[in-house]
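Enquirer: According to TrEMBL, the record shows the following:
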type	residues	note
DOMAIN	130-272	domain 'Lipid desaturase'
TRANSMEM	94-112	transmembrane segment
TRANSMEM	119-144	transmembrane segment
TRANSMEM	185-204	transmembrane segment
TRANSMEM	216-232	transmembrane segment
Amino acid sequence: MSTDLLLGTFGDLSKVQHQIEATLNNNCATTKYEDIAETANEVEKEEIRAAKDTEQDEKPKEEPVQSLHTFKKGERAKMLADGYTTEKWLLDRFSTIFGAFLMCLWGFHIASRFDIFDVFGILMSIVMGMLVADFMSGMVHWGADTWGSVDLPVIGKAFIRPFREHHVDPTAMTRHDVYETNGDNLLICFPVIFWYIYKSYTFSAEQLQQDYRFEIFSYVLGIFVILTNQIHKWSHMYYGLPAWVEFMQDYHIILPKKHHRIHHVSPHEHIFASLLVG
């Protein structure tokens, strides 16, 4: 074999080698680029996930509202008792003192128009006022025991809370003073009391006398609505009661202890009335 032929062959082999090396380098570079790109994508995904997790962590977590019934009886009693706020304490004192004054003023105007010749009609108005008040007290008692919750605005803490506290701790109301016991009931009577006092000063004597029986009915209804919680409270007191209160309980003139006790047997679905025989 000649020298020129050998040199030509080696030259061709060298070119082929260079081409192979170039191809391999290109493939390696492409592979490295793809690896780098894939890694970058993974990093980006991880960063996005981390950002979402951080955003979730920064959001304030809402604590689940725990039902009152999940607490023990003693804890529920304390929570309900603690719901008696300073504002409610002040409101009870205002409504009791001012309401008692208004009832006395209204009663004075009624007494000044008393007609001795209409005694039967007056007695019928008194009896009807007592019976309607007893029925209404039962309806309100049933509604407050059955519907709503202590978290409702306005009426929740002011109105429903005492009823729910009473079933958790029936003797709690015996520790309430006269203002907490009677403040709510006086407050709800304010519109009617204001109206009749306004009539007493603005209507003629003839107009007032025409509605006299109904006004007495309204007055007696108001008195017994106001006294509902007080009579109810007495039905849970086993000592320290005045003799005249025990007399009226014994003769079923007002709610007796033994009769009302039936209502406090679970599930509390009977005898809601809180004034007369219960």
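In case you wondered, yes, glycine gets a Cβ from its N, Cα and C as well.
Any TrEMBL annotation is an automated prediction that lacks curation.
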Enquirer: Where, among 94-112, 119-144, 185-204, do we find the most CB pairs under 8 A to the transmembrane segment (216-232)?
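Expert: Result: 119-144.
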Enquirer: For the transmembrane segment (185-204), could you work out the same-chain residues 6 or more beyond its ends whose Cβ comes under 8 Å from its Cβ atoms?
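Expert: Distant Cβ neighbours of the transmembrane segment (185-204) are 91, 95-96, 99-100, 102-103, 105-106, 109, 215, 218-219, 222, 225-229.
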Enquirer: Across the domain 'Lipid desaturase' (130-272), what does the mean pLDDT come to, as a whole number?
Expert: 81
